[in-house]
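Working notes, structure below.
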Amino acid sequence: MGMLKSSLAFLVLVFAFFFCYVMSSGSYDYFQFVQQWPPTNCRVRVKRPCSNPRPLQYFTTHGLWPSNYSNPKMPSNCTGSQFKKQNLYPYMQSKLKISWPDVESGNDTKFWEGEWNKHGTCSERTLNLMQYFQRSHAMWKSHNITEILKNASIVPHPTKTWKYSDIESPIKRATKRTPVLRCKRDPSHPNNSQLLHEVVFCYDYKAKKQIDCNRTAGCWNNVDIKFE
């Protein structure tokens, strides 16, 4: 009986160590490539206003996030190489200033650092730092969301609203894949209005092939969406 208890305790200890290793090194199923609409970012930040907002009128990169189907917000803050600006070639930095700018405070490098340390470290065995940002920029260039919506007569408007499907459909037609839309409550009408905030594309484990996204919480059902 004593040996059995010892063996069980040992197995539990091994499993605990393995679980901690997996969580710290990053275990994921797919990638979320998240793009954001800059005007919404600062409009919803009422308590902590943007310190140096950029009034860009095109979708910019928020991040490339390795994710799990069971919990799309995980993993994060994994054990890995921390961000070093010198490891990001100057030509890549120039491109990222267009596709991946900090639209809230204007500190692009700090934004990239935060996204890499929180998300990029969790897929470092698949994409090193340079590859992570190269792949993200390529994803951003592959489908111009702003133009796709414009071609469907969906452009920023102070009063007009759209259904979720109105916005999803043209993106789905253009990419041949199902995206996910995410919204934020409209501060001026928090109980019955929402603003388009993010569009999410999903990619396979190696971040090479775009796949359909599973719709998760992001926009209220049966509430029209404003795009301003």
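From the backbone N, Cα and C atoms, a Cβ is placed for every residue, glycine too.
Copied from TrEMBL, the annotated features are:
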- 1-24: signal peptide (SIGNAL)
- H62: active site (ACT_SITE)
- E115: active site (ACT_SITE)
- H119: active site (ACT_SITE)
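E115 (active site) is surrounded by 21 other CB atoms, counting those within 10 A of its CB over all protein chains shown. Taking the C-alpha positions, the distance from H62 (active site) to E115 (active site) comes to 8 Å.
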